[in-house]
Amino acid sequence: MMEQPLLVDYSETQKGGFRTLPFILGSAALMNAATSALTPNMILYLMNEYHMDMTTGSNILYIWSAITNIAPVVGAFMADSFVGRFQMIGLGSVVTLAGMFLFWLTSVIPQARPPPCVASNNICRSAEMFQLFFLCFSFAIIAIGAGAIKSSSLAFGSDQLKREVYQGNARAMESYFSWYYAVYALSILVSLTCLVYIQVNMGWALGFGAPVLLMLFSTLLIYLGTPFYVKLKPKSSLITGLFQVIVASYRNRCLRLSSQSADIQYHQKKGSATVLPSEKLRFLNKACIVQDPQQNLSPDGEATDPWRLCTVDQVEELKALLNVVPIWLTGAVMSINISQNSFPVLQANTMDRHIGSSFDIPAASFGIFAVISAILWIVLYDCLILPIASKMTGKPAHFSTKERMGFGLFLSFLSVLVTAVVEVVRRSIAIKEGYSDDPQGVIPMSAMWLLPQNSLTGFAEALHAIGQNEFYISEFPRSMSSVAAALLGVGMGVGSLLASFIMTTIDDLTKRGGQESWVSSNINKGHYDYYYLVLAGFSLVNILCYIVCSRAYGPCKEEVMEEEKP
């Protein structure tokens, strides 16, 4: 993930190459399939086995998702600065395996979870403190371990194909990235179909045991390739450099900035074309001012104290990051919609999911339609939409990253709006059929009604996620490509925390005075249609904020290049 700070150990130049990729790709695919298989049905497990209400169970999953998405940033910092990528992947694999084993124990040891409800008088005991601690501890271990793996897995594979190490096909790196994301998508499809089917039809013990075996194979596979890997030595992290700018600018806050750049000496990175800092966010320029060359610089021109004096490049890297924060925040708000994984499972669980006379689609498997839609959009965009647009305009058509991100936000708004409309229909049928007190009763309404909302979610995520990544990579200096890759995951983590706050707030407000909560565990008595209308309102405001932020940001580099073309 964090490529710039690492150095090649040239004593290992006979290692690496394509022979290492089966170990790396296979391990990553098995890990992703194992961890992805836990989340789809988890709300049902928490509500049925731990007797949690909808809000409590969802909040646990939101926090779990947030840690999973934010942990890779910490893992990348540790890998680059102290541990190394291979050691980080290996350690993360062992930790993830331990966490998944602990979680599997909750399904096989009766004492690890509350006793079953007494059907005669409908008495359900809540989980004890130790049982909750054991459950949440296993979740935390899985999230930290998976984050450690994801922080380094993609970059570790690219290390094996660096030009200094592997003198092969010029398209080696491109092929590797294509295979990595293809294997990643395939592993999600396997987890949403096969592994979810095992959980639903063969019980929790076997359903959660299968991912443990996959994680065991993943751990063994990554270590089996040890003799063939190129292992880069950790040096320093780009993230550390960003923090150094903040500290240095604060410590030098008393310095005066002159409008005459000739009056100030700035510390420059050797070989860098960036000579002077930009005028944006000028207070950060104090971090790269050389006050006393004899005292601040060593004989080789390096800063004697990097926490007091930084390079112009470091300052510009932090400015580039701060400039995109407003647009990044709109993406984090959109992630609130994407992180709504609990209710769709309960909703599908009450609908007719039959295909033919004997096969039932598992409720948690409907998320696969969002994945398929995302893949379909990528194919259609390149093979159909752009060619048609080019033919209509008479010149090569191209939609900028900001346009695609904005359209993704709009489709996300439509997805929650459609979800609210479908829920109005579903809830009215459930009440009409007499299922008000039976939230698990199957109503005469086809689950195929859920396809539009899942498809819109997939389209929106593909548009916005790809646009976001391209936007960050094109706007940031090349040295910040790893930070660009991390921003999307951090935004999803922040979105999960915001989703938890919104659900908790709506639950507290709507159940006052003895009223049924909108996000009740009984979805037929609750009002999830109102809840999704609230999300639609947030999405609409978010679109307006994005338009303002996009215009305030000004033209991005790709737009400037388009305007400069003759």
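Cβ atoms are placed via backbone N, Cα and C, with glycine included.
Look at TrEMBL and you will find 21-47, 59-77, 89-109, 129-156, 177-198, 204-225, 363-387, 407-425, 483-503, 530-549 tagged as transmembrane segment.
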Q. When only pairs 6 or more apart in sequence are counted, do the transmembrane segment (530-549) and the transmembrane segment (177-198) reach 3 or more Cβ pairs under 8 Å?
A. no
Q | Candidates 59-77, 129-156, 407-425; stretch with most C-beta pairs under 8 Å toward the transmembrane segment (21-47) | A | 129-156
**Q.** Maximum Cβ pairs under 8 Å to the transmembrane segment (59-77) - stretch from the list 89-109, 129-156, 177-198, 204-225, 483-503
**A.** 129-156
**Q.** Segment proximity, the transmembrane segment (483-503) to the transmembrane segment (177-198), 3 or more C-beta pairs under 8 Å
**A.** no
Q) For the transmembrane segment (129-156), which partner among 89-109, 204-225, 483-503 gives the most CB pairs under 8 Å? A) 89-109
Q: Would you kindly list the residues that approach the transmembrane segment (204-225) from elsewhere in its chain, counting only those six or more residues past its ends and only Cβ-Cβ distances under 8 Å?
A: 20, 22-24, 26-28, 30-31, 33-35, 37-38, 41, 45, 49, 89-90, 93-94, 96-97, 100-101, 103-104, 107-108, 191, 195-196, 198
(Q) Counting only residues 6 or more past its boundaries, what in the same chain has a CB within less than 8 Å of a CB in the transmembrane segment (407-425)? (A) 330, 334, 337-338, 340, 344, 347, 399, 445, 449-450, 452-453, 456-457, 459-465, 467, 528-530, 532-533, 535-536, 539-540, 542-543, 546
